[in-house]
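Enquirer: Copying in the features that TrEMBL gives for the protein in this structure:
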TRANSMEM  A:20-40  transmembrane segment
DOMAIN    A:21-418  domain 'Ammonium transporter AmtB-like'
TRANSMEM  A:52-72  transmembrane segment
TRANSMEM  A:105-127  transmembrane segment
TRANSMEM  A:139-160  transmembrane segment
TRANSMEM  A:180-199  transmembrane segment
TRANSMEM  A:211-228  transmembrane segment
TRANSMEM  A:240-262  transmembrane segment
TRANSMEM  A:269-290  transmembrane segment
TRANSMEM  A:296-315  transmembrane segment
TRANSMEM  A:327-346  transmembrane segment
TRANSMEM  A:366-391  transmembrane segment
């Protein structure tokens, strides 16, 4: 995120252009969560499609309410101990003036907070890909609320809040490599180590049921990511947001190509899923780095992420952890790569004058990046595992095995994703719908 | 009467249909099926994980004919279905006791 721009002695004035741009960016970031839902939803088997979609959508509901009540205050309120924020005026968002500016910027507080809300929504949704087919929906909903409170709000404060330790140390995270992707990826690993594998992992075929849905989701993510990345500069007064926009496109293109070439050599085909996964890996990796590198640097960051993430998704079979849709392999690995590569590829001509190793800046920034990466990784991994452990011991995280095998959609949502039979699967109205029908016919009689 | 069943490659359907029409067959039933014979399946790769898909898509064509036409009709189907490559499928026939045209109630060969 941008450092506060204080133009000489002049206090920033509200910019309608920046405000409009940031509201559009907020809507773009919102669209990423449904995009993610389809990206993940197409990758599971038919029987758990709806559950996968709902695991993302429910975050739009829960985190929004928490953000209004106390989330924004915790993440961006007055710092205490470099660890957490608080501002009681922001509880409920009722005492914020319409034209009150976010300190040091040209956009209202309301614009800043809604943009940041969309980040808080998608981060827990990202975790859900590792938990496919097997998590009780009520337990997932509660997990989101607890995780946002205990992990996301504090980590967002460390990385982006004034006074947060990583922010003050000078860790560069333009749009959320640490706070969003490493955070979600490490959390996914923590939770799956507690709840275990899907029934039949490594034995049953678990092919994606709809690659067109995956491609649709990847396309929506790519589109929305321009808002996520370019918007993270919170304005367009110095062109850094536009550099980020360009680098987002460049790194994503490079990563998609790199993943495809790697798997053509290694597995013999250019796969659709490889194209979608490579694109997402590139988007993840450029997220922290895009403001610091040149477009050629972005090609390097994207290509490295494309190949290494393609290699990393195989690790789960080797080590036996069921990261169902590769949240660790893509988001954790991609986030770590993007964050660390800043220490090598920062050009000094983007968001700041900080130079990485390849531009004569030595390893100073690299060590700072390491500190940010590993602190977020360790905290999120441990805290998420503890949360999952508590939920598992109290309400139970997993659905009964029978329900998991038969399909979580019917067990948890009382629906099926697709009706393939012309006869409607033999569906008939039951007593539950009768009163409505009776009431309707009464009205006609009268 | 005989029921001729052919399980063949999906892309041969149009040729088989045309050949049967030319032969004078007035109706047939087609269902999508999956299975394997000597052809076995194929391999798919998802993020580096290889899956053997052993059931491949086929279509099943069913035609009811009079006993005298059965052998000749089997030849017609086989000729139209053949590509010469592995996986072309199978054709067989079984005897049928009776058949009824639902609309009129006609029975036996009249119902065909």
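Note: Cβ is positioned from N, Cα and C throughout, glycine not excepted.
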Enquirer: Let me spell it out: take the transmembrane segment (A:366-391), skip the flanking residues so only those 6+ beyond its ends count, and list any with a Cβ under 8 Å from a Cβ in it.
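Expert: Those are 127, 139, 142-143, 146-147, 150-151, 155, 158-159, 166, 169-173, 178-179, 182-184, 186-191, 193-195, 332, 335-336, 339-340, 342-344, 356-357, 397, in sequence order.
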Enquirer: Cβ pairs under 8 Å only, please: of the recorded stretches A:20-40, A:211-228, A:269-290, A:296-315, A:327-346, which one is richest in them relative to the transmembrane segment (A:52-72)?
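Expert: It is A:20-40 that shares the most Cβ pairs under 8 Å with the transmembrane segment (A:52-72).
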Enquirer: Which residues of the same chain, at least 6 past either end of the transmembrane segment (A:269-290), have a Cβ under 8 Å from a Cβ in it?
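Expert: Apart from its flanks, the transmembrane segment (A:269-290) reaches 39, 43, 172-178, 180-181, 208, 211, 214-215, 217-218, 221-222, 225, 228-229, 243-244, 247-248, 250-260, 263, 297-298, 301-302, 304-306, 309-310, 313, 326, 330-331, 333-335, 337-339, 341-342, 345-346.
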Enquirer: Averaged over the domain 'Ammonium transporter AmtB-like' (A:21-418), what pLDDT does the predicted model reach?
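Expert: That stretch averages a pLDDT of 96.
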Enquirer: Report, as numbers and ranges, which residues of the same chain sit near the transmembrane segment (A:20-40): CB under 8 Å and 6 or more residues beyond its ends.
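Expert: Result: 52-57, 59-60, 107, 111-112, 114-115, 117-119, 121-122, 125-126, 128-129, 132, 213-214, 216-221, 223-228, 230-231, 234-236, 276, 280, 325.
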Enquirer: As a test: from A:105-127, A:211-228, A:296-315, pick the stretch that has the greatest number of Cβ pairs under 8 Å with the transmembrane segment (A:180-199).
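Expert: Answer, by Cβ pair count: A:105-127.
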Enquirer: Please indicate, using numbers and ranges, the residues of the same chain that are 6 or more beyond the transmembrane segment (A:240-262) and have a C-beta under 8 Å from a C-beta there.
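Expert: Same-chain residues near the transmembrane segment (A:240-262) but 6 or more away: 2, 174-175, 222, 225-226, 229-233, 270-271, 274-275, 277-279, 281-283, 285-286, 289-291, 293, 295, 297-307, 309-311, 350-351.
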Enquirer: Could you name the stretch, out of A:105-127, A:211-228, A:327-346, with the greatest number of CB pairs under 8 A to the transmembrane segment (A:296-315)?
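Expert: The stretch with the most close Cβ contacts to the transmembrane segment (A:296-315) is A:327-346.
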Enquirer: Going along the chain, which residues at least six beyond the ends of the transmembrane segment (A:211-228) come within the CB cut-off of under 8 Å?
Expert: 24-32, 34-43, 118-119, 175-176, 245, 248-249, 252, 272-273, 275-277, 279-280, 283, 287
Enquirer: Six or more residues out from either end of the transmembrane segment (A:327-346), which same-chain residues have a Cβ under 8 Å from its Cβ atoms?
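Expert: Same-chain residues near the transmembrane segment (A:327-346) but 6 or more away: 126-127, 129-130, 172-173, 177-178, 180-186, 188-189, 277, 280-282, 284-289, 292-294, 297, 300-301, 304-305, 308-309, 312-316, 321, 352, 354-359, 361, 363, 365-370, 372-373, 377.
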